[in-house]
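Student: Per Swiss-Prot, the feature ATP binding site maps to G97, S98, V99, A100, V101, G102, K103, S104.
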Amino acid sequence: MSRLSEPSPYVEFDRRQWRALRMSTPLALTEEELVGLRGLGEQIDLLEVEEVYLPLARLIHLQVAARQRLFAATAEFLGEPQQNPDRPVPFIIGVAGSVAVGKSTTARVLQALLARWDHHPRVDLVTTDGFLYPNAELQRRNLMHRKGFPESYNRRALMRFVTSVKSGSDYACAPVYSHLHYDIIPGAEQVVRHPDILILEGLNVLQTGPTLMVSDLFDFSLYVDARIEDIEQWYVSRFLAMRTTAFADPESHFHHYAAFSDSQAVVAAREIWRTINRPNLVENILPTRPRATLVLRKDADHSINRLRLRKL
């Protein structure tokens, strides 16, 4: 554990230091289960789960308990009835990072681990993809080329959804996005019913603004980080691999890429990265990194070897 020479709100860890904070937290995840959680191109193994994610799960578990005590103290001050132990105030976790950095895998692994704690078994995961405007609306607004940028999301709907969950509504509904069809599925909904923990994963979830933003409702937040050059290479590699997986489906919006040669696919992927994903990362996503409670830093081989925890 290292503290910067200048006063800082952060504490930095290497993996050896971080894994010592696991204490006796048990590993309740099998290799078979991990395979189902691992994203395309991700290299996460059970050792990384033990050394990185179990200490993280322990930290969040402690913070969930502390947050509930804080809510109880506020209720006592206001003279309100104590909350029903079967319906605690949901703990909201934000997971942010670039396209292709592995934030979806991080969110899924975290969900699986947190749901195994007796005190918070109901853990829901929602991605902000469902809050993108439908393609027809993006076309009307001339925003198709900005898909994934902050302005391409229905931020009011996202705010209403998270506020509804946080305020203890019986249920809240999130739209569903199809990566196959590259659009919102009309009429489809993901129903969230008073979870103990809600994980919200997306590119721009740590965005701030002059008014109340969804990040203001987070109790804990993660930023999955890596060198921009490494993320670009991961994106290109994933694009190449998808020619024989997602793109191979005739129903896929990107089916035409399935017939591309390696060289054609590399050119196409790098152009998408250069014109869309990199600008969004540099202009909108990366500037939100300082807001994260914990930054997970990946090396070129996808492994997490450095972490930065916000202590203030």
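Using the three backbone atoms N, Cα and C, a Cβ is placed for every residue, glycine included.
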Student: Does DSSP give G97 (ATP binding site) helix, strand or coil?
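Tutor: The residue in question, G97 (ATP binding site), is strand (DSSP, three-state).
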Student: V99, A100, V101: which of these binding-site residues has the sparsest Cβ neighbourhood within 10 Å?
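Tutor: With the binding-site residues V99, A100, V101, fewest surrounding Cβ atoms within 10 Å: V99.
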Student: Given a separation of at least six residues and a C-beta threshold under 8 Å, show me what packs close to K103 (ATP binding site) in the same chain.
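Tutor: Long-range Cβ contacts: V95, A96, G97, E201, L222, V224.
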Student: Please give me the CB contact count at 10 A for S104 (ATP binding site), counting all chains in the structure.
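Tutor: Counting Cβ neighbours of S104 (ATP binding site) within 10 Å gives 22.
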Student: Fewest other C-beta atoms within 10 angstroms of its own C-beta: which of the binding-site residues G97, G102 fits that?
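Tutor: Per-residue Cβ counts within 10 Å for the binding-site residues G97, G102 bottom out at G102.
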Student: Starting from the Cβ centroid of G97, S98, V99, A100, V101, G102, K103, S104, the recorded ATP site, name every other residue in that chain with its Cβ within 8 Å, sequence order please.
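Tutor: Sorted by sequence, the hits are V224, I231.
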Student: Please work out the number of neighbouring Cβ atoms within 10 Å of the Cβ of S98 (ATP binding site), leaving out its own Cβ.
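Tutor: I count 24 other Cβ atoms within 10 Å of it.
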Student: Going by DSSP, is G102 (ATP binding site) sitting in a helix, a strand, or coil?
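Tutor: Assignment for G102 (ATP binding site) reads coil.
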